Amino acid sequence: MLRSVQTDCGPTEAFGKQHLLTTAAAVSRQCNHLYLDHSLRDIDRSHDVDNAESESFVEDMVVIERPIYTQNDFDQGFDAGQRPKHTALSWMKGKVKKCECSAACVRKTVSHHLPFLSIMKEYNIKKDFLPDIIAGLTVGIMHIPQGMAYGLLSTLQPVYGLYVSFFPVILYFFLGTSKHISLGTFAVISLMVGSAVDKGLKDNNIVLKTWNQTVDNGGGNITFEIVDNSDEVETAKLMLAMSVTFIAGVIQILLGIFRLGFLTVYLSDPLISGFTTGAACHVFTSQIKHIFGIHTNRHSGVFKLIYTYIDIFTNLPHTKPVTLIASIVCMFILVIIKEYINANPKIKPKLFMPIPVELIVVVLGTIISYFAQLQEKYSVQNVGDIPIGLPVPNLNAFNYISDVIADSIAVAIVSFAISVSMSKIFAKKHNYAIDSNQELLAYGSCNIVSSFFSAFVSAASLSRSLIQEDVGGRTQVTGLVSSTLLLIVLLVVGPYFKTLPNCVLAAIILVALKGMFKQFADLIALWKISLFDFATWLVTFCATVFLDVDLGLLVGVVFALLTVIMKSQRPYSCLLGQVPGTDIYRDISVYKVAKEIPNIKIFRFDSAIFFANSEFFKNSLYKLTVDPYQLKKMQRKLDKRKKNEKQLLNLTIDSIGSADIPIPDSDRTDTLTSPPVIQNSEAKPPQFVSQVPTLTDIHYIIIDCSTMSYVDSMGVKVLQQVISEFRAFNITVYLAQCKSSVREMFVKTNFYKTESKNYLFVTIHDAVVSAQLHQWAVTGESLANTGISNTAGSSHEIDLDITIGEATSRAENVNDFNKSNGVRGIPQQDITSNPVIENTHI
């Protein structure tokens with residue numbers, strides 16, 4: 001029986017005053033109890049503790065008294081069953097059993113796929129309606145300039161951005177589970193759609209009509225390219241964008257149907273941050289030409305950003321002063337209002353709603369451009385005609401499907417990852433749940449339907465979502481309000497924005513990128529937190545900037561997966577030691593007080609063992625404990641020396657054979673026996689082995705399996721290999737705290753045909769105590785040599801007391817055991833008459 005006493009002590013003598021009593025005796029396995037006592041005086045007296053010392057104890061202790069359990073004994077004694085198996089077939093059977101044709105089931109299904117029904121059922125008109133109206137008007141005002149600006153960013157006409165701000169928002173009201181995100185245009189998604197459009201034009205050999213214009217700058221003539229956005233080219237661009245939107249929606253629908261929303265976990269926060277920051281660099285670059293009023297050639301593919309900047313610097317001498325001045329003034333106004341008024345903690349509470357500075361800039365820019373005739377007099381490029389009304393549904397989304405599949409996959413994943421991440425942030429803040437799979441269905445439906453109405457891919461905007469939540473938006477009713485405002489703009493106000501300068505929209509985009517560029521600060525935090533996360537951010541950012549947006553995402557995902565593989569392939573491993581006076585075992589490199597037990601090594605591997613890290617597991621085990629390969633070399637050297645000594649002795653005997661000098665057997669080298677060591681076997685306790693040199697003082701290795709969530713077939717083979725190699729040198733391997741998944745794999749791989757179940761233990765302490773008992777029973781050493789007790793000259797104190805019963809069959813009775821090991825304070829009784837011996841101090 002194993003009996004442990006643990007006490008809480010004063011801080012100065014926390015370990016010196018604790019006791020761990022371990023008693024092994026031939027007792028019934030039924031004795032297993034835990035009790036709490038609040039008086040240590042009796043124990044103090046039994047251990048001859050001075051009264052002055054006993055006063056320092058905190059009067060709390062835990063005493064655990066139970067047998068030593070192997071895993072097999074524990075499972076049999078407590079009727080352990082098998083884990084429930086979760087397979088695809090069992091999941092489907094469960095769904096079929098739950099499926100029933102009833103009104104309640106229909107209501108539940110409809111409510112699940114149309115979340116607005118349950119949301120509106122709980123809608124409080126008095127509390128929610130007015131905040132939703134205010135938030136809807138505020139977000140709707142933001143939609144107008146952002147929609148036009150991001151429509152231009154996608155290489156389409158600005159009006160198509162307004163369509164993205166209208167159609168998906170209405171559909172998301174019915175299908176979405178988030179109450180606070182603002183769906184519509186988003187800079188990164190608009191850029192990715194524009195990149196896909198440019199590639200599609202190039203792949204289909206749709207040539208932009210261009211001509212060269214020569215300008216005299218005073219020092220010579222400079223020629224640059226002018227792009228003619230003809231109706232034919234604009235139609236092709238629109239069809240490509242619609243094809244991307246349709247395919248992205250189909251992909252999101254399929255992911256939702258097959259419940260693959262969990263795939264976004266592979267898009268880690270550092271990866272998304274690095275990707276969006278790199279994409280922001282592309283967005284910034286694409287708007288510089290509008291800020292300076294210059295023309296640049298179109299580039300796509302690897303290093304397109306570098307080629308674009310070469311064109312920008314080449315054409316900087318052709319900057320249009322009026323365009324540049326208008327851009328600077330707009331950015332100045334935007335920054336002042338947004339940073340020093342709307343975001344000012346002193347002024348913000350006094351505002352009924354944030355000042356819609358973007359709309360103000362758009363209106364002022366349109367009015368000034370109209371009356372000052374900026375386009376006619378100063379060549380300031382304007383937005384152009386904006387059609388009145390809603391677009392007619394068309395099937396142009398099917399025209400270029402085969403050309404944009406790869407780009408559509410990237411757009412679908414990124415838009416979903418960004419949107420669902422924002423949804424989770426607001427859901428956590430406001431204490432409600434979102435369904436990732438339903439969100440996929442909602443985004444996919446929005447994109448598919450919108451693709452027939454000349455809209456491109458939509459996503460949640462962080463800036464609009466924050467404003468919507470900040471001004472008090474409660475539900476997606478805000479989306480209906482903002483869509484109503486957009487409808488008025490499309491039906492009535494749209495044509496009045498004809499004279500809006502493009503540089504105003506570019507200024508809005510550049511100022512909006514400030515939040516993305518702030519993500520550079522993440523690098524400093526990631527450097528301090530994790531080198532792998534830091535590298536993921538940096539690699540994704542660099543790949544996005546120097547390669548392309550879609551390639552950057554691919555490189556980031558691959559690198560992130562590689563970091564996971566690297567971390568799982570080379571996990572942390574260590575040796576454990578016993579915290580004195582307890583049955584607790586900790587990393588000896590972290591807990592300096594933890595001490596290794598003589599003749600025993602306790603090894604922990606902080607990962608599952610599978611094909612990718614099985615070799616690393618073996619090498620780490622050999623490095624921290626004993627290397628069998630080195631023992632083999634030592635063995636060969638000893639065998640060679642023994643052979644030489646034997647040959648020399650035989651020659652000596654032959655040379656003096658006629659003298660008839662008897663050579664006793666005890667003087668022959670070949671009959672010398674080494675100190676007894678431990679031989680491992682399948683189901684028997686260790687036995688004496690003779691004529692094998694003792695090459696190491698380590699007799700037991702205990703592998704802590706508590707961190708191993710699973711072991712594959714390769715891992716089982718490696719475990720069998722190391723156990724076999726250690727057994728060859730009389731080193732017994734115990735496995736402690738194996739999870740049920742690991743033990744099930746042992747059964748499947750026939751592990752127990754070569755290894756005994758008796759070497760699997762419930763806890764590390766069970767394995768340690770069993771090893772100590774076996775070592776004494778086999779070698780007959782004093783307990784001080786096995787690490788079970790202390791001597792007067794011990795370098796450190798470990799109050800570890802053991803009394804041996806049935807496991808120590810070499811001792812005829814307890815009295816002989818006490819005399820041979822110098823045990824004090826044990827009653828002089830035969831073990832058969834009193835099998836339980838307590839309060840034994842060694």
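FYI, residue positions are counted from 1 along the chain as it appears here.
Just so you know, glycine gets a Cβ as well, placed from its N, Cα and C.
Source: prediction; values computed, not measured.
Residues or ranges marked as transmembrane segment by TrEMBL: 129-153 (among others). Residues 159-162, 164-165, 182, 184-187, 190-191, 194, 283, 286-287, 290, 352-354, 356, 358-359, 361-362, 383, 461, 463-464, 467-469, 471-475, 477-486, 489, 497, 500, 502, 505-506, 508-509, 512 of the same chain sit 6 or more residues outside the transmembrane segment (129-153) yet have a Cβ under 8 Å from a Cβ within it.
Annotation comment: TrEMBL describes 159-175 (among others) as transmembrane segment.
Summarising the annotation, TrEMBL assigns transmembrane segment to 238-262 (among others).
Among the features that TrEMBL reports, transmembrane segment is placed at 322-341 (among others).
Residues or ranges marked as transmembrane segment by TrEMBL: 353-372 (among others). Proximity of distant same-chain residues to the transmembrane segment (353-372), defined by a Cβ-Cβ separation under 8 Å and at least 6 residues beyond the stretch ends, is recorded for 134, 137-138, 141-142, 144-146, 148, 326, 330, 333-334, 337-338, 341-342, 380, 382, 467, 470-471, 496-497, 499-501, 504-505, 507-508.
Annotation source TrEMBL lists transmembrane segment at 400-420 (among others).
Here TrEMBL flags 440-463 (among others) as transmembrane segment. Remote same-chain partners of the transmembrane segment (440-463), defined as residues 6 or more beyond its termini with a Cβ less than 8 Å from a stretch Cβ, comprise 113, 142, 146, 154, 156, 160, 163-164, 166-168, 171-172, 175-178, 181-186, 188-190, 192-193, 238, 241-246, 248-257, 260-261, 390-391, 393-395, 397, 411-412, 414-416, 418-419, 422-423, 512, 515.
Residues 116, 119-120, 123, 128-129, 132-133, 135-137, 139-141, 143-144, 147, 159, 162-163, 165-166, 169-170, 172-173, 176, 178-179, 182-183, 388-390, 468 of the same chain, all 6+ positions outside the transmembrane segment (475-493), place their C-beta atoms under 8 angstroms from a C-beta of that stretch. For 475-493 (among others), the entry in TrEMBL reads transmembrane segment.
Annotation source TrEMBL lists transmembrane segment at 500-517 (among others).
According to TrEMBL, the transmembrane segment annotation covers 537-562 (among others). Tertiary proximity for the transmembrane segment (537-562) is limited to same-chain residues at least six positions away from its ends with a CB under 8 Å from its CB atoms, namely 188, 191-192, 195-196, 266-268, 270-271, 273-275, 277-279, 281-282, 300-306, 406-407, 410, 413-414, 522-523, 526.
Taken from TrEMBL, the feature domain 'STAS' applies to 590-771.
Counted as Cβ pairs under 8 Å, contacts with the transmembrane segment (322-341) are highest for 500-517 among 159-175, 238-262, 400-420, 500-517. For the transmembrane segment (238-262), same-chain residues at least 6 beyond its ends with a Cβ under 8 Å from one of its own Cβ atoms are 154, 156, 160, 193, 196-197, 200-201, 396-401, 403-405, 407-409, 411-413, 415-416, 420, 436-441, 443-452, 454-457.
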